[in-house]
Amino acid sequence: MRISIKTGRVEKEKAEAIILFFFEGFNKDSEVYKKLNSALKGMLADVAGSGEFTGKIDQSTLLHTNQFINAKRLLLTGLGKGKDLHIDIIRRKTGNALKRLRDARISKAVIAIPEKIPNNIKTEELCQSIAEGSELALFEFDKLATAKKEEKKEIKELVLLLNNKKTFGKASKGVEIGKKISDAVNMSRELIVKPANYTTPTFLAEKAREISGRLRLKCRVLGEREIRKLKMGAFLSVTKGSYEPPKFIILDYCPKNAGNKTVALVGKGITFDSGGISLKPSRNLHKMKYDMAGGAVVLGVIQAAASLKLPLRIVGLIPATENLPGGSATKPGDVVVSLSGKTIEIQNTDAEGRLILADALYYAKRFNPDAIIDLATLTGACFVALGDQAIGMMGNNNGLMDMFRKAGEKTFERVWELPLWKEYDEQIKSDIADVKNIGSDGGAGAILGGIFLKKFVNDFPWVHLDIAGTAWNDRDRDYSPRGATGVGVRLITEVLRNWRDI
């Protein structure tokens, strides 16, 4: 979808449809309301008087203008009370409005930017959120369907209509940022939602190379022989049941103005997780193609960072493989030697994500990063604890975690900290190895995943994000359609855009 910006007056604008935002009470004192209501022969006052639309947050009304003005239709969209407005309301309401116009077969829409925005929301972030809400809400993946469908409904162009030329530059910058970030989210979503026979470890590696070539990054892909030479025994233990060759993907964004700042991103890349010998139940097993969401998000973040020309080095590490049963698969009770030299007793082969991450986290020390950020669909326990609204966050540095809390409130990809108290260490002590990959009593599953990973980060500032509950939607939500959410791309990009020393 093309997004452009222009200045003009709503009542004069030619369009198939114009989206108008109103606060509760209908902004009756605003110039836009007065001029439009007059041009529409009192139509807005009639709608307000009937109670059909008063600007409440759950209200929207599509009006035919009867040729009183140049626009054919107006979509009145409520923002609720001005004092309660936050940037994600703009994102959500924009997304819902665009979906409604798409279903009405509108191909070109206009959004009138409100004259005044409360709560110190700036023009740049307002327009960024509109661009994000639009692009993210309209994402669809139907490339594998061959049956003939009715003509696809699609909004091809969106125009942001400003009433003040002075804000044009800031609005343009906001749209550019929002578009680049949304493109990265949607790229990640597509990787996640594709079936596992399409998104294989090899395919992920090819995607990394494509991003590298397009944005002039460095990319290195290690195959099984090189992984074995590195002695990544924990990673290799997961790969043994699959015919698909494993890949260790290293994508390096290193701009000239990065200075000495380096952030390592580590993403879980299990392209299909059957559980291995510790086989998962068949119900919802088809969804386990999403177990590489962490890896897809790492690719998305680096694409966004490079597109935005952020001034720091970002190294993405993705251990990619399938986790399948087979005659050569790792067995419960096996002991393996990780890259760090620590021995791991594998009591459950379905706790495989932490095994591949252990070697990748330890490998990250080679870049001497200022911080390590890992994200993974790691534990069902995180979904049980936090549901589908919060990302489970654990880490060893309060300054770094504070950056994620602030970014979470801005992007609405919110995090909730879980403790990594040393008392939990007892639960993953092994009788025959240095550590085991599951706990003793079945409790605190998400926390024990973090406790395990902490042993491989070498005291670097580190944050672990468990996105098991947030990486997939079972229903449409505002600007997040059913399926892969791409959660983490906007969150981490926001952290990186506002990076500070910790």
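Keep in mind that glycine also has a Cβ here, set from the backbone N, Cα and C atoms.
Checking the candidates Asp273, Asp402, Asp425, Asp431 against TrEMBL: the one annotated together with Asp350, Glu352 at the Mn(2+) 1 site is Asp273. The annotation in TrEMBL ties Lys268, Asp273, Glu352 to Mn(2+) 2, and of the candidates under consideration, Asp252, Asp291, Asp334, Asp359, the one tied to the same site is Asp291. It is Lys268 that, of the recorded positions Lys268, Lys280, has its Cβ surrounded by the most other Cβ atoms within 10 Å. Residue density at Asp350 (Mn(2+) 1 binding site): 18 other Cβ atoms are found within 10 A of its Cβ, drawing on all protein chains shown. Look at the domain 'Cytosol aminopeptidase' (348-355): DSSP puts its residues at 3 helix, 0 strand, 5 coil. DSSP assigns Lys280 (active site) to coil in the three-state reduction, outside any helix or strand. Of all the binding-site residues listed here (Asp291, Glu352), it is Asp291 whose C-beta has the fewest other C-beta atoms within 10 angstroms.
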